[in-house]
Amino acid sequence: MGKSLVIVESPAKAKTINKYLGSQYVVKSSIGHIRDLPTSGSSSSKEPAAKGRKSASEAPALSPKEKARRQLVSRMGVDPEHGWKAKYEILPGKEKVIDELRRLAKDADTVYLATDLDREGEAIAWHLREAIGGDESRYKRVVFNEITKKAIQEAFSQPGELDINRVNAQQARRFLDRVVGYMVSPLLWQKIARGLSAGRVQSVAVKLVVEREREIRAFVPEEYWEVHADLGTAKGANVRFEVTREKGEAFKPLNEAQAMAALEKLKASAYSVAKREDRPTSSRPSAPFITSTLQQAASNRLGFGVKKTMMMAQRLYEAGYITYMRTDSTNLSADAIGMVRGFIEDEFGQKYLPGKANVYSSKEGAQEAHEAIRPSDVNLKPTQLSGMERDAERLYDLIWRQFVACQMTPAEYLSTSVSVTAGDFELRAKGRILKFDGYTRVLPQQSKPGEDDVLPEMKEGENLKLIKLDPSQHFTKPPARYSEASLVKELEKRGIGRPSTYAAIISTIQERGYVTTHNRRFYAEKMGDIVTDRLNESFANLMDYGFTAGMEEHLDDVAQGERDWKHLLDEFYGDFKKKLEVAEVSEKGMRANQPTLTNIPCRECGRPMMIRTASTGVFLGCSGYSLPPKERCKATVNLIPGDEIAADDEGESESRVLRGKHRCPICSTAMDAYLLDEKHKLHICGNNPDCPGYEIEEGQYRIKGYEGPSLECDKCGSEMQLKTGRFGKFFGCTNPTCKNTRKLLKNGEAAPPKMDAIRMPELKCEKVDDIYVLRDGASGMFLAASQFPKNRETRAPLVSEIIPHKAELDPKYHYLCDAPQKDPDGRPAVIRFSRKTKEQYVQSEVDGKPTGWRAFYDGGKWKVEDKR
């Protein structure tokens, strides 16, 4: 009897599983996905010659439309008009992995597909079976919610079959996303700007951020005042009260005058306790984590982004420390409940254990077969993890505490409310005393300011002494900006996306440049605004929240075998294609990205400038750009944002920023400010380009973010000015013939000058007809094609390649010429850059992968480290 082959996605998971299976199993990793639809540039638009096909002279010529359709299908890898025929390709670099798996599978009696238990894991398992091939009856599917000895042995004792319905649900999602992305994005390039993209779920998520941005822009903060009074008791205790009512009505002065008038009356009033109420209250623990609540808690308590949270959770799961981290169910297994109840009783005592297990309801549609996210072994404390980085330990600590707390008794408080009268005014103070800590012994709560104040003894009718009155100005706050965590919460609430897709959605909308983050809050970029509008107009259902959520439910139906996946795709595509054809029409189709004409004269030709928006931001472009070539003017003016970013989202800084903005004279929306130069600021309506409103303000302006003197160009000696580009602020030379730039570092200083590019004619490019030049970048030295950006080939240099050019090198790189040129086996030393230490080192490589031999420059000497 031969051995059985077990295939999982990751080496870490393989290593953990291998501990629990006997020697009759061979556990191998596919290292993630092995097949996919064509990636950019991987699929040729040329059709292979077929046996018996007519020659080119005999074959009927394809119409331009049909030729374009075939090229699109070739790029997409899926044909929506011919039964959704798909062309999957082995991913680059995975050929050796597949060859090894085929070889091992050939000698195996059984092939166990032990990929993750969600739809994506099911799809990976199917792709593995399809790519490896052979008798399908040899393949078995095993799933487990946690990588423990018991769970693994149970899964392998009862293997199942691949669930093709779940595979088809994943394929349907992939095909939908591919069709929308590949067919709408070119339309955006044509109508709005190059380099834009659309996505079935991505664009809807951007719409949420854009709509919130518009709510904020339209919001007009209103002033109001609060008055607090510090009062003293007969026993000398001081208590802070808030003035809440005047003559029975809510007290809310609208300006300083009203607040000061109230202060005069309060100064002349006598203060007496009208009522004291003490009542018991309690606080129940919340449910164990699901994917979305884990992401929110990790953001709020640990400051983790969604992507980092899922990365750390993945490592914990693969090491066997937690259950599967992509779940929407709060369900806990009977074994898990028994384990944690025993732990609570042993660790904290009977009074912390409720009479029966706490049960939490999941949202409708949650997969109850899955469990909530919890520790695999509650007895394993966070400090006892082995081989985990600090951030993974912190996340485990959060998961462990939430799990234990969710099965503990409530925290009990004595809440106190005291009302005081002062003439026509009523004042109120609240506080509470913790009587029994309950679940908070494990999971301390984040209290609101003043919530846990302890009020001293005060009896009804007791007179209090006025110590101080404290008036404070406030402004009403606009809707809060989304953070990564709150956007995930909103997506979940609206039924958009699933636990396995939240992190990808959040990452994608940032990578596409439609939104940016400042102080961990999302801001919609102008291009995100424009694209959202155009997609809303041309693809109303695609951008509709209900439609997107409905599609998720339909995909759930496919996974349950209750709906045919190709019928679902056909229904979507029929309507989508009609809308796309209408949008593509030149006149009545999708609105183009029209510029706004201004009265600002072009510095080169005198024609009026226009406000334009590109994928890189807002700028001024000469109206003469559209003229015939001989008369054309290509002058542009970079616009530097002149607005402050709100310092935080919890306070009133957003309101104060809004109050400082100009309001559009046409539509009253808050305007965005940009610096034209040191004497002119341009205010552009937040609804531009739909609203043409703008204003020019004169004054003396200084660019925020730089407090030092102007710089002298290290190349030509001219002045360098601070500018803002797609990737942030930088210094650019004012000499039009000099293209020198230097980044602005976070500390407000200019980055060190870059080394001039060094031509290396002896080094020929590998993929294009060009030679290499040695360049100096943010990640140290690298080789790049001399005709960049036409040719984009780059690679790391060898030590032996830079030595002949030592005289041309910047002295700061001379030490690299003294590095070892080869490892002990004669492999050449490659110069690499460490993002962690921000320093260059050398290492030997085989097929682009480190051999284990490397050398570091430390203390003026090269030190070799050999881990081969």
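Using N, Cα and C of the backbone, Cβ positions are placed for all residues, glycine too.
The active site, O-(5'-phospho-DNA)-tyrosine intermediate annotation in Swiss-Prot covers Y324 and is backed by sequence analysis. Per Swiss-Prot, the feature Mg(2+) binding site maps to E9, D116; the stated evidence is sequence analysis. Positions annotated as region 'Disordered' by Swiss-Prot: 34-70. For H33, R173, R174, D177, Y182, W189, R326, R512, the entry in Swiss-Prot reads site 'Interaction with DNA'.
Annotated features, which come from Swiss-Prot, shown on the structure.
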{"residue": "E9", "record": "Mg(2+) binding site", "DSSP class": "coil"}
{"residue": "H33", "record": "site 'Interaction with DNA'", "DSSP class": "coil"}
{"residue": "D116", "record": "Mg(2+) binding site", "DSSP class": "coil"}
{"residue": "R173", "record": "site 'Interaction with DNA'", "DSSP class": "helix"}
{"residue": "Y182", "record": "site 'Interaction with DNA'", "DSSP class": "helix"}
{"residue": "W189", "record": "site 'Interaction with DNA'", "DSSP class": "helix"}
{"residue": "Y324", "record": "active site, O-(5'-phospho-DNA)-tyrosine intermediate", "DSSP class": "coil"}
{"residue": "R512", "record": "site 'Interaction with DNA'", "DSSP class": "coil"}
Using Cβ-Cβ distances, find the residues under 8 Å from W189 (site 'Interaction with DNA') that belong to the same chain and are at least 6 apart in sequence, listing them in sequence order.
G195, L196
Least crowded of the recorded positions E9, D177, counting other Cβ atoms within 10 Å of each Cβ, is D177
Around the Cβ of Y182 (site 'Interaction with DNA'), other Cβ atoms within 10 Å, all chains included, total 18
Counting only other Cβ atoms and using a 10 Å cut-off, which of the recorded sites H33, R173, R174, R512 scores lowest?
H33
Chain-internal residues, separated by at least six, CB under 8 A from D116 (Mg(2+) binding site)
E9, I124, Y324, R326
Give me the CA-CA distance between D177 (site 'Interaction with DNA') and R512 (site 'Interaction with DNA'), in Å, as a whole number.
15
Reported as an integer number of Å, what is the Cα distance between R174 (site 'Interaction with DNA') and Y182 (site 'Interaction with DNA')?
12
The recorded sites listed are H33, R173, Y182; by CA-CA distance, the one closest to R512 (site 'Interaction with DNA') is Y182
Pop the Cα-Cα gap between R173 (site 'Interaction with DNA') and H33 (site 'Interaction with DNA') into the table, whole Å please.
16
Y182 (site 'Interaction with DNA') versus R173 (site 'Interaction with DNA') - Cα distance in angstrom:
14
Excluding its own, the Cβ atoms lying within 10 Å of the Cβ of R326 (site 'Interaction with DNA') add up to 24
Around the Cβ of Y324 (active site, O-(5'-phospho-DNA)-tyrosine intermediate), how many other Cβ atoms lie within 10 Å? Please give the count over every shown protein chain.
23
